[in-house]
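Quick look at what Swiss-Prot annotates:
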type	residues	note
REGION	1-125	region 'Disordered'
COMPBIAS	42-53	compositional bias 'Gly residues'
COMPBIAS	54-70	compositional bias 'Low complexity'
COMPBIAS	80-125	compositional bias 'Low complexity'
COILED	207-241	coiled coil
REGION	228-330	region 'Disordered'
REGION	366-385	region 'Disordered'
COMPBIAS	367-378	compositional bias 'Low complexity'
DOMAIN	427-683	domain 'Protein kinase'
BINDING	433, 434, 435, 436, 437, 438, 439, 440, 441, 459	ATP binding site
ACT_SITE	550	active site, proton acceptor
């Protein structure tokens, strides 16, 4: 009897995997970043901008990680600002700056500085031996609360092994690709505060694994302490600069009217802003490629020296007394203070992120006038968070960008209209709101101005943390620049009370393709029509070297005019100079193998995602839709294949099979370009626009009936 009682009282081993492995249909709250009209976005996994996985946006909550005992050593978030301080901007055709724009720049600069200090202080709240992780922390700087060493599946807990068994994945495949499995788990379990690391093969006993794990935790803790010390030194130095230094006059033209204007300087030159935090700004007359970023010029005795930052096609003529030193992917050139170089904080499995310090992938690096003191990066750094390669950039146009956070004020002034209460500009429409994990989208009507009584989509985005501010401004800038019939039209953006950004876009009354799939069955010719329209948008993006990186059915919309458009550019990246990135971001079911394998990826990731979307449209659901772990692991190891022997695909045409096969190539170099896919025989079977217009009433009726049915079920 005593054994029975003790058995009943025994706590069941917790299984955190059930929190993130469910499909989006079963657990909407797991999405990290909602699209305009639907949930289901993820960003992260051991890397990336917001590297980390299923992180729902719960308001005002914090997560507590115990750092004492039972592997709960370490933990906490580390705030690591960028140090590049030279950015470039394109100005309006006007040569004067309005007084309101100037005052806004000044106000934004002061506010952003105080905001960064606020975030920095609120992100690490340590009481005793416990870290409290605020949900608003920048997850780029994630330091795990628990590190688990895994060499084979036997090293997982009992409940985790049971969960893996339920996925029906061959044991040999799991053990042979344990690194891919750990990548998947790190991507999905980031919010749980857990980091899985692969144990070296020479560590075979528990003692060795424990020692290895302790070494990793110590490295993480030392890294955290070093970064905090560097932060303090950096802030002290900036404080000295505020009280000393010669300020130059700033002449920058700011576009705040929200129209889709691609501003260019009259003479084709770009102004270089140096140390925008301290208002110490130097400019030159040479043509500057903004993507060629230089290191921070934190020198108390700058005395208005001209520092020319050029690309390969520009002449660099420096007559200053400072020595010239070239930054490389393995060296950071420092000034007379111990700076927080981006690569010092962010070195990881690849040197790609160091390209930000060397001016992209041009091979020559950025040439700066700096002191000769250099700090070499470790060739074998400890486990550290990895960011997307453009983590400190705000897009201007392909190949040109602002440096973040130093030039955040200029980007904000150019992209966003400051409005104390933007709600007075709109009235709410019938479809009041659609909530996403990172924002709420409303159907609204403008009450005056150019778009009076025009229904638009209004997306409210939180704008408090540093990461959110960068992502919001980058998404706005990209969408503002893009102009294509198959990309949703950007209208304007407003800042409310320094806490929210309201982004206004065209309203798509037909909803997302994902909504349509859940209520309606498409035949192949309509699938081909939608695919053709999306290929046109991808062809346009490829011509600009921009990868969307979150292509999925809930980011494709249709309207009553049979127009199909791509939305949500939050994970998009300009690859003009970077060429490739290493970053697990996007949505689990649509992620390409190279991303899952944590390898460099480029424009071809969108072709893989398109193949999954096409399969979803004809089948009604994505492959392995019940489990994110299984879907990602199999995609990253054996790929996705479709067979005519299956019941659901026995009626598919040969053209469809071939289209899916070429899109879902494991090797990204073998995937065709959007232009090549537009010539594929499957696209030739597409319905006409007139035929699609005839289909829309049935589609909308099915959607309405489904909404009414859900409403009755919720009562």
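Yeah, the Cβs are placed from backbone N, Cα and C, and that goes for glycine too.
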Cα separation, residue 441 (ATP binding site) to residue 550 (active site, proton acceptor) (Å, whole number): 18
Predicted model, mean pLDDT over the domain 'Protein kinase' (427-683): 93
Least surrounded among the recorded positions, given as 441, 550, when other CB atoms within 10 Å are counted: 441
